[in-house]
Amino acid sequence: MTAIWWIRRDFRLCDNPALVAAALAGDVLPVFIRDETVDALGAAPKWRMGLGLAHLMERIEATGGRVVLRAGDARVIIPALAREVGATCVHWARLYDKDAIARDTEVKSTLKSMGIDAHSHGGHLLFEPWTVATKTGGYYKVYSPFWRAVKETDIAPCLSAPKVRWAEAPQSDALADWALGAQMRRGAAIVEPHCHVGEAAAMARLETFVAAHADVYQERRDFPSEPVCSGLSENLTYGEISPRTIWHAGMGALKAGARGAEHFLKEVTWREFAYHLLYNEPELAHKNHREGWDTFAWSEDADSADVTAWKQGRTGIRFVDAAMREMYVTGTMHNRARMIVASYLTKHLMVHWRVGRAWFEACLIDWDPAANAMGWQWVAGCGPDASPYFRIFNPDGQLEKFDKEGVYVRRWIAEGQRAPSSTALSYFEAVPKAWGVSAQGLYPKPIIDLKVGRERALAAYSERNA
Ligand SMILES: Cc1cc2nc3c(=O)[nH]c(=O)nc-3n(C[C@H](O)[C@H](O)[C@H](O)COP(=O)(O)OP(=O)(O)OC[C@H]3O[C@@H](n4cnc5c(N)ncnc54)[C@H](O)[C@@H]3O)c2cc1C
C-alpha cells in the first residue's frame, strides 16, 4: 500500500507525526507541491525554502527514497497523484494561515470523496490553536494569560525518525527548473553562508544554545552584537526542527538550573501565541486588529524617499541602518533591532506597518506568517496586546543601552570606517547595483530629526484620540 507524505513546512524526519503515520500505513511517497502559496513567498523565504527542500531531498535519497515534485494547484495535484500511484492515504502536517486552511479543507474533502484516507497532523506547533481557550470559550488576545494557560501543559515526548519503506516514485519536476531563488540575484551568494540549513544544523544550534547561552539568555538576549539568541526561527519556519524538540530541550535546561531557560520557553510560546491569534483572526497579516486605526495618518507609499532610505539602510540613524543591512546580508535580524526598525518606520516616519511587513516578507529567511504579522502590529500599536503607540523607541538611546561599544554598528555600517569589517562590506555586494551605493560614499545625514519625528507621531496619535 502506498501512503503519500505531503511535505509542506516540515522538512525533517525526526518528530514528524505526519511522516510517522504515513510510514505505519504503507510504503511512503514523499511529495512537495509548488503551489500558489509557495509562489506567493517573498524572494528570500522562497529561496531559503528551496535550500531546505534540496537538503531534505538529499537526505531521503541517501536512504533510498525520492521526493516527487509537482507544480500547480495542490487541490488538483494531490488527488490526481494519489490516483496515479494508487495511494490509499495522504498525510500532512497542518498549517494555520487562511489560504492553507482553505486549500487543505478542499484537498481533504476531494480525497475522501475518492475513498482515500486524508489525515492532517500537528507538529508545526506545540498547542493546536483551538485547544487553548479562555474561561468564556474565546481566544486569548493578551500574552500573559495565554502563557499561564499553557505553561503547565504536558507536552508529549518527541517521536523518533521512523523506519520508512519508500515507495517507487513516479515522474517528478527537477528542483533546479523551479528556480526558487530567481529573485535573489546577487544576494544569494552573500546570504547563503549565514544560513543553517537542515535538521542536523538546527539540532546543532539548539545544543549550542542550551550548553552556552540558555543560562544568560534573559540578561543578554537584547544585545544585538552577542550570539545569545538561538537563531532557531530560520529552522522552525521550514519545520527543520519541531517546536516540541525545542521545548523539551528548554525544559531540560530549566531543570538543570539554566537561569534564562524559562524566559526562552516564554519566547517559544510567543510563537504559539502568534499562531493562536492568526488562526482566530485570519486577517491579522493585513488588517489592523484594533478599531480606530484604519484612518490613522500612516502613508502606504512603499516607494517614497523615506521608505527607500529605510529599506536601503540609509536613514542616517545608525541602529536602524545597521539592522536593515544585517537583514539584507544575513536574511535575519536581531529581535531588538526588529522592534527598533519597526517603531522607526511606523512612528518617526509615519509609514503603515503593512509596508514594513511586506519588506520583511521579501527579505527574511525566517519569515513566518504569524510571528511577522503579530510583531508588526505589536510595535505599531494597533495589534492585540500591543505596545502602546506613544511608546516610541529612541534608536540612539537604544544604541547607548544595547550597543554602547558600537560593535553591532561597526559590524554593519562601513561608511566612515578606516578598515570596515567584511560583514559591513558584504552589504554592498548583496544589494542591487541600481541602488548606486558604495562603501566609499558618505554616511547619510538623518532623513528626519529624531525629536521632530517623535513629536509628529505623538501629534498624529493625539489627533486620532481627540
Ligand atoms: C516587526 C517584527 C517582525 C518579526 N517577524 C518575524 C518573522 O517573520 N519570523 C519569526 O520567526 N519571527 C519574527 N519576529 C519575532 C522575533 O524577532 C524572532 O522570532 C526572533 O528574532 C528569532 O530569533 P531567534 O530564533 O534567535 O529567537 P530566540 O530568542 O532564540 O527565541 C526562540 C524562538 O522563540 C520564538 N520567538 C522569539 N521571539 C518571538 C517573538 N517576539 N514573536 C514570536 N516568536 C518569537 C521564535 O520562534 C524563536 O526562534 C518578528 C518580530 C518583530 C518585532
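Even glycines carry a Cβ here, placed using N, Cα and C.
TrEMBL lists TYR217, PHE264, ASP366, TRP367, ASP368 with the feature FAD binding site. Summarising the annotation, TrEMBL assigns site 'Electron transfer via tryptophanyl radical' to TRP298, TRP353, TRP376.
Positions of TrEMBL features highlighted on the structure.
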residue : record                                            : DSSP (3 states)
TYR217  : FAD binding site                                  : helix
PHE264  : FAD binding site                                  : helix
TRP298  : site 'Electron transfer via tryptophanyl radical' : coil
TRP353  : site 'Electron transfer via tryptophanyl radical' : helix
ASP366  : FAD binding site                                  : coil
TRP376  : site 'Electron transfer via tryptophanyl radical' : helix
Find the shortest Cα-Cα separation between TRP298 (site 'Electron transfer via tryptophanyl radical') and the recorded positions PHE264, TRP353, ASP366, ASP368, TRP376, and name the residue that gives it. TRP353
Contacting recorded positions for ligand 1, chosen from TYR217, TRP298, TRP353 when the Cβ sits under 6 angstroms of any of its atoms: none
Among TYR217, PHE264, ASP366, TRP367, ASP368, which the record lists as binding FAD, the farthest-apart pair of C-alpha atoms sits at a distance in angstrom of 23
Distance [Cα-Cα, Å, rounded] between TRP367 (FAD binding site) and TRP376 (site 'Electron transfer via tryptophanyl radical'): 12
Cβ neighbours within the same chain of TRP353 (site 'Electron transfer via tryptophanyl radical') - under 8 Å, at least six residues apart: TRP298, ALA342, LEU345, THR346, TRP376, GLN377, VAL379, ALA380, CYS382
Of the binding-site residues listed (ASP366, ASP368), the greatest number of other CB atoms within 10 A surrounds the CB of ASP368
Residues with Cβ closer than 8 Å to the Cβ of PHE264 (FAD binding site), same chain and 6+ apart in sequence? PHE209, ALA214, TYR217, SER230, GLY250, ALA253
